[in-house]
Amino acid sequence: MVRRRGLSGLLEADIYGITAWEYSLGRSNIEVVAQMIEAGIKVIQYREKERPARQKYEECLKIREMTREAGVTFIVNDHVDLALLVDADGVHLGQDDLPADRVRELVGDKMIIGLSTHSPAQARAAEKMGVDYIGVGPIFATKTKKDVCDPVGLEYLEFVVKNISLPFVAIGGIKEHNIAEVSSRGAKCIALVTEIVGAEDIKAKVRALRAIISRKED
């Protein structure tokens, strides 16, 4: 069995960080990622839809260097070419991106492939595609993705917990005030975007989120 590089970090992660420059209070993605790493986040995804390709490449090169040094799993959203160029640990695909099985042909056996899902049918299909994990959401309404579907709610999360064998990351509109609902439904790894990148003190925010998660696990 092939062991994907960085997969252990993903499987052990409680919080999954995602970049979003426009919500980062004027800080660069490099500054935010540095603070995420300092806060102990073990998986970081680079997701920037609107930036020029060259800028994405340069940012990802630096983030790859930072995450590798810190032992943090680094995922690139959507762009398989970018993930390959910077030697990322993985790539995360949407339902309208390249088919996961064809991406596997491109990236080989050692790269993690994640896939966003929004319904039971998509989750069941993902189990047959050879992806390593799925995104489950959006759980709640979110402003960071303009083309996203309506919230799927906690019901879909509960379906995945009970019926799907793949590791998963809960995502979409998750904040400090509702993360307990997500954690208590069985989500072990939770992605937050604006709640983390938009925090003045990222380390303190992550500490507060973890305190809530740990209370729900007790």
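Sequential numbering from 1, following the chain as shown.
Cβ coordinates are placed from backbone N, Cα and C, and glycine is handled just like the others.
The annotation 4-amino-2-methyl-5-(diphosphooxymethyl)pyrimidine binding site is assigned in Swiss-Prot to Gln45, Tyr46, Arg47, Glu48, Lys49, Asn77, Ser116, Lys145 on the grounds of sequence analysis. Per Swiss-Prot, the feature Mg(2+) binding site maps to Asp78, Asp97; the stated evidence is sequence analysis.
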Take the Cβ of Arg47 (4-amino-2-methyl-5-(diphosphooxymethyl)pyrimidine binding site) and count every other Cβ within 10 Å, whichever protein chain it belongs to. 20
According to DSSP, collapsed to three classes, what secondary structure does Tyr46 (4-amino-2-methyl-5-(diphosphooxymethyl)pyrimidine binding site) have? strand
Rounded to a whole number of Å, the separation of the Cα atoms of Gln45 (4-amino-2-methyl-5-(diphosphooxymethyl)pyrimidine binding site) and Asp78 (Mg(2+) binding site) comes to 10
Cβ atoms near Ser116 (4-amino-2-methyl-5-(diphosphooxymethyl)pyrimidine binding site) (within 10 Å, other residues, all chains): 24
Whole-number Å only: compute the distance from the Cα of Ser116 (4-amino-2-methyl-5-(diphosphooxymethyl)pyrimidine binding site) to the Cα of Asp97 (Mg(2+) binding site). 10
For Tyr46 (4-amino-2-methyl-5-(diphosphooxymethyl)pyrimidine binding site) and Asp97 (Mg(2+) binding site), determine the Cα separation and express it in whole Å. 16
